[in-house]
Amino acid sequence: MTIHIEGLVAIAIFYLLILFVGIWAAWKNKHSGEAEGTDRSETIMVGGRDIGLFVGGFTMTATWVGGGYINGTAEYVYLPDYGLAWAQAPFGYALSLVVGGLFFAKPMRSRGYVTMLDPFQQMYGKRMGGLLFIPALMGEIFWSAAILSALGATLSVIVDINIKMSVVISALIAIFYTLVGGLYSVAYTDVVQLFCIFIGLWISVPFALTNPAVTDITVTAVKHVYQSPWKGSINRKDTWVWIDNFCLLMLGGIPWQVYFQRVLSASSATYAQVLSFLAAFGCLVMAVPSVLIGAIGASTDWNQTSYGAIPPKEREQADMILPIVLQHLCPPFVSFFGLGAVSAAVMSSADSSILSASSMFARNIYQLAFRQSASDREIVWVMRITIFVFGGLATLMALVTGTVYGLWYLSSDLVYVIIFPQLLSVLFVKGTNTYGSVAAYLFGMVLRIGGGEPYLQLPPFIYYPGWIIEQRMHHITGEMEDVVIQKFPFKTVSMIASFLGNVAFSYLAKYLFESGKISHKYDFLDAVVSKHSGEIMDKTTLVTRGNNIGLSEISAVKPRLSVTLAAAFTRRNTLQAETVEEEEDSSPDSSHHDEK
């Protein structure tokens, strides 16, 4: 194995640049938010809510434009019988950002939430918030592991260095600057990384296009030359599968903490919407070089290159088509620059997911569920520890697990069928409660897992209409095996069933308890008749000293940003302050409940 010194130097330069920017961003913003009284923990999570339009646009774009995005787009354009028609990620994620900006960014940002799970805990209680944390955490960790694994394989193709070494070094750098600067470091490094991706890939494209081994891609788009046309097509029997996958990308791309972390860091609700629209445009622009590289791969006579006569698809290396094109169709200095771009793309996704997972755990699990009295310093340390733990876990999975992508596929599906319908309900449907949320959770999970997951060798126990059996080669053992393929759009149907289940069971529980058909004492989740539950005070009344005080009767206060949502759970301090004011200001014969 030959180690390419030029490649190592190029990677070292990119990594040092990113590390420097991450540390500089942390130092530059170390006192951010102090003047406004914002807690340090909240500054780490949402950047003090002062992320500008330029940095915000780049970091929102980097939410989805990572190693998996650019590698996966090139792979699907290159694959025979798939092509551009099946490269759904660019359009799916761009529309996801548009839909998120139109309908979800404004209500989430205007209500001052800190994480995506806040509205669930506010409406459904801390137990349900903990349950919803599980698929959200799985999605972030498995996504980080999958892209770190892809990075190791990419580096090994071009530089011939040890895969495990490259994964560990990349993960350590991403963990370190995320640990030091939180969202500020992640956001500023995203700017550098996106520049690297865009410039690195665009520099490579002209060299690859003009290589003598490459046929005109406008010809191979519609004619069979070395393989089927890269424009691709959708067979009629696969139409529902295509629609199912597209809906998963478009709607399932919304309920991710990596997206809402950017939304909630915007300086206003309108800014959050603008950033989403800018990122949608950015996603499409950043996909163009990947599409061209995939088309170049499909238009190449590999026998004329240093790669060899057997094309990548026959060597089971279609997923590595982007680094293969960079290595074998471009001059060495260009391929190494492109390699640095790919490495930067991977890190821009890994750091975001690690920060997102640690933010949800520190706030929604540790602080709001177990330690409501935790100090800001304590929350910061919990975040730092979990950044290291979750980053280490993702790295370990990338090194030892052969089914990382399969796990990510399943977890991203669970985010779509479980969290998205719950987010719809909690933001837009009045009257849903914890009983409906639990039912929706179970419906979505059973219907999705029941459909099976071929990549994980998870057999289905629900056979949806149109299922067939195909023979496929196992991605690890290389042996042929019979696999059940579901042609029915069961993921989207599972999502719709989950949403309808939430609404139906919520109103059923509300009717049964409020009509007296079921005794109030059986409202064990405190979701319908136990209106003075500490977890749902924000929806009903607050109780102190035996007097019921409606929320509308409490004078307006301007709390610190960090306690905006916490006040929805426990407004003890506010109540005490208001009660003292009332006792001092009121005369002995005045009523305790005068209008304020």
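Any Cβ shown, glycine's included, is placed from N, Cα and C.
Per TrEMBL, the features are:
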TRANSMEM  7-27  transmembrane segment
TRANSMEM  85-105  transmembrane segment
TRANSMEM  131-159  transmembrane segment
TRANSMEM  165-184  transmembrane segment
TRANSMEM  191-209  transmembrane segment
TRANSMEM  239-259  transmembrane segment
TRANSMEM  271-296  transmembrane segment
TRANSMEM  333-358  transmembrane segment
TRANSMEM  379-400  transmembrane segment
TRANSMEM  406-428  transmembrane segment
TRANSMEM  435-451  transmembrane segment
REGION    576-596  region 'Disordered'
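Counting Cβ pairs under 8 Å that are 6 or more residues apart, the transmembrane segment (191-209) and the transmembrane segment (271-296) reach 3 or more and are in contact. Using a cut-off of 8 Å between Cβ atoms, the transmembrane segment (333-358) and the transmembrane segment (165-184) share at least three residue pairs, counting only pairs 6 or more apart in sequence. Same-chain neighbours of the transmembrane segment (239-259): 60, 63-64, 86, 88-89, 91-93, 95-97, 99-100, 104, 115-117, 136, 139-140, 352-353, 356-357, 359-360, 412-413, 415-416, 419-420, 422-423, 466, 487-492, 495, counting only residues six or more beyond its ends whose CB sits under 8 Å from a CB of the stretch. Of the two recorded stretches, the transmembrane segment (165-184) lies close to the transmembrane segment (7-27), with three or more CB pairs under 8 Å once pairs fewer than 6 apart in sequence are set aside. When each of 7-27, 131-159, 271-296, 406-428, 435-451 is checked for Cβ pairs under 8 Å to the transmembrane segment (379-400), 131-159 comes out on top. The stretch with the most CB contacts under 8 Å to the transmembrane segment (406-428), chosen from 7-27, 131-159, 271-296, 435-451, is 131-159.
Tertiary neighbourhood of the transmembrane segment (7-27): same-chain residues 155, 158-159, 161, 169-170, 173, 176-178, 180-182, 184-189, 191-193, 196, 335-337, 339-341, 343-344, 347, selected by CB-CB distance under 8 Å and a gap of 6+ residues from either end.
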